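Taken straight from Swiss-Prot:
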ACT_SITE  278  active site, proton donor/acceptor
BINDING   17-20, 46-53, 361, 377-378  FAD binding site
SITE      118  site 'Important in orienting the L-aspartate substrate'
């Protein structure tokens, strides 16, 4: 039986210690809060692994309108333009917030900010730290600030398993580790639980990040949005490791080119070439690999000996697998990298459930649309983590605890990953998605270790099945064209389960 811990009663609870969670905790301060993380503070987060940096218009030839135009173009018609504009207009504030917490962004030899160029950006607007160590440096600095803030209680080694509800509002959170189970009573929970890359064999995310926050919110009845849109980073370091190391877009921004095993530059005739939007590059690389080829990122001519100083982290990662990027092309492949979909939120990070806020990759704000513009994720994490935190401090209506359920088993993705990897990858087809739905539904309804990962996977499968077009990161070989008009889709888990049962019944009728 879970132990109720009353000493933190009604404090805001933040789940996750990536950029959004850390910023939220620091923003809520000096009001006391509790930050829950399943591992060490700041560890096992996608934020800490970010190489590129954060997008912000700072150069004389740039402005927020150009940044917005690039964001909307990458989003392929599905961005919420109002939400996107509001976030981008706060980019400069986000930049100053990070500076306030001790982050020193790279400068050029003249003492000016060094601005990087990444795919689908029309201007150099990526601020970075330590070359390609932006995420690590930012998370380390914010982690130190959190640990030095007496108003923030950090609970490490505890995994959020269930959002407790009473009368359709949040009343607490059930946490567990291998030796204990506890309940934190609270009417204010902020999920900053990251993405879903752990559902895939090939991912650049921490392998335990399968969308736990999405699964918990879905069980609680939250509205989900745009779940079909999974961004595959085009250039993960192709090797036998899991997760795969990221070879940042910034390498292509510095002039590196993509070649196949024959030395052909297959992106040369595609608009934008190597700096086309991520979905375009990922799909082109996937097509090369599908035909039995290999793909390499060649920086020898563009960077040469400068590679190791501009990209020290990538250099070290390459050396670990026997690649010298100064003298050798880097083998690359697409890998699940970022989820544009998630828990639907409003401008303040509120979900459809009273008492539940969401920030960072777990949320669907409308900024990214069908395809995220590079380095907009760190921007969104800072802006929305700040907004949600400020909104949380203006709400505090305690609710008594409802029924405490039996603690769900520790989630395990082992049986789900093969289904997702084979059926919901870069290129999709109705037949594969039908197989995924049929395979996932028993796991969803089985309430075993695979149940929560299966919920997230089923959400992706049903949303993808219903979008009968190719748009942004959602590419269907049976529907290769875009519709003239389109819209974002919002559904609950109840909606998705009803559709899943209906589709399976229809398939059985056709077979019989």
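Cβ from N, Cα, C; glycine included.
Worth saying up front: this structure is predicted, and the values here are computed from it rather than measured.
Here the binding-site residues are 17, 46, and the one whose Cβ sees the fewest other Cβ atoms within 10 Å is 46. Among the listed binding-site residues, namely 19, 48, 50, 378, the Cβ with the most fellow Cβ atoms inside 10 Å is that of 19. When the Cα atoms are compared, residue 378 (FAD binding site) and the residue listed as 'active site, proton donor/acceptor' turn out to be 17 Å apart.
Shown in sequence order, 18, 20, 46, 194, 195, 338, 339, 342, 377, 381 are the residues of the chain, 6+ apart in sequence, with a C-beta less than 8 angstroms from the C-beta of residue 361 (FAD binding site). Close to residue 118 (site 'Important in orienting the L-aspartate substrate'), meaning Cα to Cα within 10 A, are the following binding-site residues out of 17, 19, 48, 50, 52: 52. Within its own chain, residue 52 (FAD binding site) has 116, 118, 126, 128, 132, 134, 248, 249, 250, 374, 375 as residues 6 or more apart in sequence whose C-beta sits under 8 angstroms from its own. According to its DSSP assignment, residue 118 (site 'Important in orienting the L-aspartate substrate') is coil. According to its DSSP assignment, residue 46 (FAD binding site) is helical.
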